[in-house]
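Quick look at what TrEMBL annotates:
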type	residues	note
TRANSMEM	40-59	transmembrane segment
DOMAIN	230-389	domain 'SSD'
TRANSMEM	260-282	transmembrane segment
TRANSMEM	333-356	transmembrane segment
TRANSMEM	368-390	transmembrane segment
TRANSMEM	458-480	transmembrane segment
TRANSMEM	658-677	transmembrane segment
TRANSMEM	684-704	transmembrane segment
TRANSMEM	710-734	transmembrane segment
TRANSMEM	755-773	transmembrane segment
TRANSMEM	785-807	transmembrane segment
Amino acid sequence: MRRPGAPASWIWWRMLRQVLRRGLQSFCHRLGLCVSRHPVFFLTVPAVLTITFGLSALNRFQPEGDLERLVAPSHSLAKIERSLASSLFPLDQSKSQLYSDLHTPGRYGRVILLSPPGDNILLQTEGILQTHRAVLEMKDGRNSFIGHQLGGVVEVPNSKDQRVKSARAIQITYYLQTYGSATQDLIGEKWENEFCKLMRKLQEEHQDLQLYSLASFSLWRDFHKTSILARSKVLVSLVLILTTATLSSSMKDCLRGKPFLGLLGVLTVCISIVTAAGIFFITDGKYNSTLLGIPFFAMGHGTKGVFELLSGWRRTKENLPFKDRVADAYSDVMVTYTMTSSLYFITFGMGASPFTNIEAVKIFCQNMCVSILLNYFYIFSFFGSCLVFAGQLEQNRYHSIFCCKIPSAEYLDRKPVWFQTVMSDGHQQTSHHETNPYQHHFIQHFLREHYNEWITNIYVKPFVVILYLIYASFSFMGCLQISDRANIINLLASDSPSVSYAMVQQKYFSNYSPVIGFYIYEPLEYWNSSVQEDLRRLCSGFTAVSWVEQYYQFLKVSNISANNKSDFISVLQSSFLKKPEFQHFRNDIIFSKAGDENNIIASRLYLVARTSRDKQKEVIEVLEKLRPLSLSKSIRFIVFNPSFVFMDHYGLSVTVPVLIAGFGVLLVLILTFFLVIHPLGNFWLILSVTSIELGVLGLMTLWNVDMDCISILCLIYTLNFAIDHCAPLLYTFVLATEHTRTQCIKTSLQEHGTAILQNVTSFLIGLVPLLFVPSNLTFTLFKCLLLTGGCTLLHCFVILPVFLTFFPPSKKHHKKKKRAKRKEREEIECIEIQENPDHVTTV
């Protein structure tokens, strides 16, 4: 019946929503009937898939060996600049002892020698030389090194030429000759292993010095070490989740309690993850440590479906056949679960799109999409079959744990108390007017009898509003302090040699930037005074190692005039580059000969910038300032250092997946605004998800979590986790027909609060073992997922139950409808009063 004043278009949209909702419910009901009629088939097919793909995963397991490919931006200007630098100055033509390998790190070994506090490393020459000789005596090593970096330097007071008084540390770098040859690369890898062993041996011999070593493979080794350290902890997490799910699914009622269903639900998610891993390795995927988060992500979504199906089963009528009860549970739960699974697939699918510039994020999102699809299939097939068998046992009055017939009430009355406790089916607890014995589930009882009344109390609401204002304030404050530093240390095992080396390097060698290559890739009139002035202006503010400056100084000291091209190049080749102290500059200049005329077609300089403690941020600022100058000045140049590959536009690269995923969620919710269930449900869902996402983002920033690939993946997951838990609560609220908003929110919490609390509790307890993995990657994962679960729980049980009682949708029209129906019943009723006034007959 059309409501007075309602436009025809609104009625049309409302009818369309109802048709779609009932169509989806009808489909899910038929799906439930199909599963309940063929449970063995739906149980066998997933098991066979898991065995097939699981064995394939074991045979094809292979770790990813290229760390740069994983965590550096895939498409960046720095990689193009590296290619150009490599083409101009190939490695096999560089023989300089100092900076020849600047444009690619290649194979190398580095060591920092640190003197005890208060001592001077410059007085430890014997230990330094012994270490240096031991390295040079190693086989297949290259007889060149860089020993120019002193750390913790104290200068002579009032010294005009900045003479060094003492230093705390010295850093030495050894490069290897591995010019792309596979054989030489294997030899270099062996040399690096021997180098690390040698440093550990020398550390035992030189107790007065501390040695911190690093090789080119160290970062990859310590990145992969996280997976090795986390193996046992992941198993502990699984045991904790299994225990929590089993206990939370239990009841005192031995007939209606479903502890094994909670256990089987978690195992269902596990075997779906194993199947997804098998598919990944069959398609030539390579494992990396960032994939460690997939079990936790998939478990958080999968167990939500498990607990919702259990709650849906409890809401069905007990007197129905078990097949119909399964179908009713599917029609009640699977519509929302299908929608949330679709959003998972859309958001992570966008994260796996070509717009994502971090390969580790792309690989993770691809695997997550496969895991979500298999998760959904296994929940409605494998776990649905388990629910069918459990329902059949319940209908035939079998014990939910021991699977034996439950004795009658008369038989139990003659038995001891312990036997009655173990074998009781709840007949004593259920009163004559209580039609739903599942109300005795301890979580549902707590919510119905205690929590719902407390959170909707008028005196509690002001404190909840104040709590939300505090939450929003801290979130906003954190969002203003977001850090997107590309610190590779955040992905390594925390007790690894690479982290120790990086900490010492940051402490004692942060006063200067890494050596930056300044490559001039076009012919230039170096003899022109204006060009010379432009070069000085570009290099101002840097400590430069420049053949140009040395050559100008040489001409000045030698009193030689070279103001034209022929004189400039002639003196450069015949005099300057032949002197022993300047011969190493030959590798920094590329000459070409056209007839009898020589030209300089390219050259390179080296710059070092003065930095403060936040070295990386300042290096990025230097890079961003120099690049625009290469386009605006007459001098065409590029600047490069191997670390630029990781830094270049990293902040934009890591934030794009979250923006794309968030835009995808927003777009889907807006497009379904007038199609799915109720438009106000989508509106409230958008607000809730935004609040949770910004809360996690701000709080994790305040918790010193940087924006790296792990935290970005967690933020994408937060979008979906929030929708997963808020959507059923909100849609039940907007569709409820009680008289007041307070009664509607009580109904919502009573229907979905148990599943939400079960899932979030299992999820958070499963994160605890990650605290005991000594890895920065798992610390980041723990912090982000803890905030995700905590903020979602806060919104579902505290913020939304209070705020929904203040704002639309209004429930007045439901109240008017019920009053009209009651009035209609009163008019139909005819009360006949007999002579006896106490005798009332209703006709």
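Placed from the backbone N, Cα and C atoms, the Cβ positions cover glycine too.
Long-range contacts of the transmembrane segment (40-59) within the same chain: residues 268, 271-272, 274-275, 277-282, 377-378, 381-382, 384-386, each at least 6 residues beyond the stretch ends and with a Cβ under 8 Å from a Cβ of the stretch. When Cβ distances are compared across the two stretches, the transmembrane segment (260-282) makes no contact with the transmembrane segment (458-480), since fewer than 3 pairs at least 6 residues apart fall below 8 angstroms. Of the ranges 333-356, 368-390, 684-704, 710-734, 785-807, the one with the most Cβ pairs under 8 Å to the transmembrane segment (755-773) is 785-807. Model confidence over the domain 'SSD' (230-389) is summarised by a mean pLDDT of 91. Panel annotation: around the transmembrane segment (368-390), residues 31-32, 35-36, 39-40, 42-43, 45-47, 258, 260-261, 264-265, 268-269, 271-273, 275-276, 279-280, 294, 297-298, 301-302, 305-306, 309-310, 313, 322-323, 326, 329-330, 334, 337-338, 341, 344-345, 348-349, 351-352, 400 of the same chain, lying at least six beyond its termini, place a Cβ under 8 Å from a Cβ of the stretch.
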